[in-house]
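Q: Below you will find the structure I want to go over with you.
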Amino acid sequence: MNQEAQFWIETIALWQPVRSAFLFAWGAGDPLWLLMAKRLFLLMPLGAIALGYWTSVLSVPTIVVRAKRRTFVSLVLVTWWDLARAIFTFWGGVLRLAIRFMISLLGVCQMLVVGLWAVIQELVAMPFRMIRSVGSNVLQPGVPWIAVAMTAFWCVFEATIFTYVMTSLVIDTLSNLAGTQMTETAVRIPLFLFMLFIVLGSYAVLSTWAAALKSRDWPTIIKIGVVELVAMFVEVVFLYREFVDALVPWFAQHTSGNFDLGIVGTLAIAGVTWLGLRSLTWFLFASVGTPTMMAIIQRQGVGNRDTAGEARPAFRLFSENFAGQLRNEFQWVGAEGERLLEAFLVPPMQVVAAALNFVTLLVSNRHFIDLPLQKVEDFKDARLLVAELNNARIRKAA
């Protein structure tokens with residue numbers, strides 16, 4: 001290439017002005033803030049303008065051979081208008097992105113403060129909601145858990161008392177049988193379990209006898225009645241008698257020492273004590289709690305099957321208002337993230353799309369992307385754009 005041709009090419013292409021403009025926009029040697037500002041605001045628009053100018057210059061000779069010259073010239077002018085609008089939108093988009101980022105940051109801070117306050121409120125109100133849920137379940141028909149808990153507590157309490165009362169007697173008896181002195185630690189735990197089984201079995205026999213009386217099954221009533229008498233005899237003779245023996249010094253103190261209760265009186269008072277305690281606990285809670293405990297042990301299931309299909313309000317760790325507020329906050333975070341992403345991507349992509357429209361206008365006589373771009377969804381897939389260009393070329397050839 002001779003010097004004259006190179007001169008005219010560089011002159012028409014505005015090579016020196018464009019080169020100087022790029023060097024100015026690059027800002028080498030400038031302060032950091034000025035360098036960043038130039039590269040942010042000038043580098044991309046300058047590249048788009050240079051590409052648009054060069055493609056426009058190359059398009060001028062092709063006007064002669066084009067079929068629709070007026071349409072092509074109009075498209076060139078429209079493309080320059082789109083580029084100018086995209087550049088100003090890009091400059092305004094930087095400010096919009098900064099404002100949107102500040103709004104998002106303030107929104108996140110507000111969400112954290114309000115969310116922390118809401119969590120504190122939920123933690124404070126959680127025990128009250130739990131109490132209300134438990135109270136609602138207690139008032140509704142269903143498994144009598146209170147009676148079950150009271151029955152279990154009474155059995156443990158009674159077994160503990162019997163263990164304390166019978167420990168010395170059992171130690172003496174076992175020591176005489178074994179020939180060695182037994183310790184309280186080695187005796188009390190097995191003795192407590194044994195007493196617990198006796199008390200539970202006593203209530204189980206009483207519950208079965210009550211069920212037989214309700215169904216008027218006389219053979220069962222007689223058999224369970226005999227078993228209940230044996231159980232009462234065992235408890236009265238071996239357990240409740242110890243209470244009466246502990247009260248003998250008190251009786252003697254109030255009768256000037258001339259008091260002899262005798263075996264009959266001792267067993268009578270022990271039997272009345274057993275009957276009184278069993279009656280009080282049975283009519284208060286054991287009549288309901290014992291059948292439920294037996295059903296659990298026998299794996300027969302508990303609860304009223306007639307109300308099994310009814311929906312009951314389940315206890316939730318957090319209230320419905322808090323869950324709804326949490327969902328709204330997550331939705332806001334997602335929507336705000338989409339808006340922040342659009343504010344970051346759409347302005348520069350419009351400049352890129354406007355510059356590419358010059359190239360496709362030169363090659364295929366049509367725009368590559370329709371402007372303006374409003375949101376990220378307007379960014380078409382590359383395969384779709386190629387298919388549109390191919391379809392346009394096929395229609396033009398036809």
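Placement of Cβ uses the backbone N, Cα and C atoms for every residue, glycine included.
Whatever TrEMBL says is automated annotation, not expert-curated.
Pasting the relevant annotations from TrEMBL:
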TRANSMEM  7-28  transmembrane segment
TRANSMEM  40-60  transmembrane segment
TRANSMEM  72-91  transmembrane segment
TRANSMEM  97-124  transmembrane segment
TRANSMEM  145-171  transmembrane segment
TRANSMEM  191-213  transmembrane segment
TRANSMEM  220-241  transmembrane segment
TRANSMEM  261-285  transmembrane segment
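Please situate the listed features within the shown structure.
A: With a cut-off of 8 Å between Cβ atoms, the residues of this chain six or more beyond the transmembrane segment (40-60) that come close are 12-14, 18, 21-22, 24-26, 72, 76, 79-80, 83, 86-87, 90-91, 94, 348, 351-352, 354-355, 358-359, 361-362.
Sequence-distant neighbours of the transmembrane segment (97-124) (same chain, 6+ residues past either end, Cβ-Cβ under 8 Å): 318-319, 322, 325-326, 329, 332-333, 336-337, 339-340, 343-344, 347.
Within its own chain, the transmembrane segment (191-213) has Cβ neighbours under 8 Å at 151, 155-156, 158-160, 162-163, 166-167, 170, 220-221, 224-225, 227-228, 231, 234-235, 239, 278, 282, 286-287, 290-291, 293-294, counting only residues six or more beyond its boundaries.
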Q: Against the transmembrane segment (261-285), which of these stretches has the most C-beta pairs under 8 Å: 72-91, 145-171, 220-241?
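A: Ranked by Cβ pairs under 8 Å, first place goes to 220-241.
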Q: Determine which residues of the chain contact the transmembrane segment (145-171) at the Cβ level, with the cut-off under 8 Å and only residues 6 or more beyond its ends counted.
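A: Distant Cβ neighbours of the transmembrane segment (145-171) are 138, 182-184, 187-188, 191-192, 195-196, 198-200, 203, 238-239, 242-243, 246, 281, 284-286, 288-290, 292-293.
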